[in-house]
């Protein structure tokens, strides 16, 4: 009687169970509190506080992992049950155990229903019962001689014993075949479990890869766009800041140069003021000396006038005497002699008067020579002063002209003094004119002092503006430092992105390692399949040998029944083996499908790596292009700044020239006003008609000479043109200054907008980073 083959239950064991605390959901209800789940055979029981809440039979059920920590069970005749566990590993372990329990229950049921070998002992008639032993049927008499029939029976018994031994061996072989089948089924179950685990892991890996790939693509796109925008903005801001710094530095340098020039001009003006004060003092000294000389001349003039009066009186007396002598000529010769003597005395008086006149003339000549010497010394001093000022300043020509004008004025004053010495009638008016000229000179000095004070105030205002610009430059430097800090923060974020890319590469390496492990497992499965095929071939060989042996024993009916039973058993085992082979072939097909899926995934990973390389190259090229553009812009702005500095220098030179021309024009206007005042003072005397036609023509006075010189001066028509040019240059300078202030305000506004954009971009980057961290946390959970 052949023994029963071992079922999968005996291979795996009926007492394989699992238990633990879970959170379940039965049907469509909400997740209740946690409970205790326990697997007993093919029955899953749920208990809470020692009481049974629900029980699910696993016969014909389906078990799936719906999420990372959730296992769903769908059984016939009961609502769906979902179990939520703590970790994904625990969920996988529960799924594997439940699937094995389902397979065990299915295998036991199929074995009970379909196996022809599971039957009671009396179902298949024993060969001994069917053909009773010949010993019981015809007992040989004792003591009888062996007959040929008894010998044949003995031979049949021996053959039966041999057949029984062979049947025992075959039963032992069948037992071994059943054990091998059980082992093969166990291995097949293990392979199926491994396959399911591999499928689940592959699905989870594919899902995680897809999620990670999608997240990585989105993050890469977002980070790339944000990085490009931030890089462009930061480069633009850096360029703007550099331009602002350059402009502010240029403005500071220009203001420093202006301050230095203003300080130098102030020093020069102070030196000019000192020289003017010295010249004024020298002129005052000269005027006082001339006044003293004039007083001496007036005294001498008065003495000469007294002498002339005495001489005139003597001449009149002599004339009277001559007239009386002529009347009395005929009366007395003595009187004629006396008259001749008186005439001699008169001649002597006239000679003495002529000698006095000559002495006065000589004294006037001496005074004129002294005045000329003083004028020459003053002219030399003015020329020396003009040469020294020519070496210091560019406005030496105007001062030389002033010195020449002063020399001409001194010459005119000397000529006026000579004319006053000759004409005594004009003497009372000269001190008044000198006082007026001194007053005009004092007013001119006061106006110049006022202008110098104005210039000093303007220089102080420029110094304040320079301080304000220095403060603005410091603020710009602080803003540049803040921008550098933001750039370092962006670089840190770029390094974080690169680290994320490295983490993705490490995940890909881990996935490749998992794939290698799966390939190793599949190779082990193939080796097991080959072993199973070898064993199946061996069993087939054994079955063929048994068939041959059974063919030899076809003569007897008992052997026919045994042969039929063994043949049925062999056919059933062969069908089972064919089923197992077909199942293993399907498993091999699935393994090949997994390999093709793995190759596709590898190709996708390669394509993604190539895309990453292309994106990195694009980012590098874009970065290089933006850097080149930024450098070009910086160079262009530097060229523009140099051109602006040149323009500013040219405008400064024009302004200086305009100021010098304005100073010269103001001096000329002052001199013209003085001359016009002198003309206005002398014009009433000309209109009054004091001089007669017969009277001698007066010597031209200082005012008339000054008016003539003013009328005949060649530079007077040019003054109007100079003033118009000065006004035009000043208007152009004011326009350029306003344009520069507007450009500075616009640059400050652009800087503020750039800072605001950088802060907004930093906030966006922080928000994106927080969102990415939150998504990473969700994916890890």
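Cβ atoms here come from the backbone N, Cα and C positions, even for glycine.
The structure displayed is predicted, hence computed values, not measured ones.
According to TrEMBL, the coiled coil annotation covers 273-335.
Per TrEMBL, compositional bias 'Low complexity' is recorded for 119-150.
Per TrEMBL, compositional bias 'Basic and acidic residues' is recorded for 213-223 (among others).
Feature annotation from TrEMBL assigns compositional bias 'Basic and acidic residues' to 399-412 (among others).
Annotated compositional bias 'Basic and acidic residues' per TrEMBL: 419-454 (among others), in sequence order.
Feature annotation from TrEMBL assigns compositional bias 'Basic and acidic residues' to 461-479 (among others).
Per TrEMBL, the feature domain 'PH' maps to 15-103.
According to TrEMBL, the region 'Disordered' annotation covers 114-163 (among others).
The feature region 'Disordered' is assigned by TrEMBL to 205-228 (among others).
Look at TrEMBL and you will find 376-479 (among others) tagged as region 'Disordered'.
Sequence annotations record features per position, and here TrEMBL assigns region 'Disordered' to 685-705 (among others).
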Per-state residue totals over the region 'Disordered' (205-228) - DSSP helix, strand, coil: 24 helix, 0 strand, 0 coil
What are the helix, strand and coil residue counts for the domain 'PH' (15-103) according to DSSP? 16 helix, 40 strand, 33 coil
Average pLDDT across the coiled coil (273-335)? 72
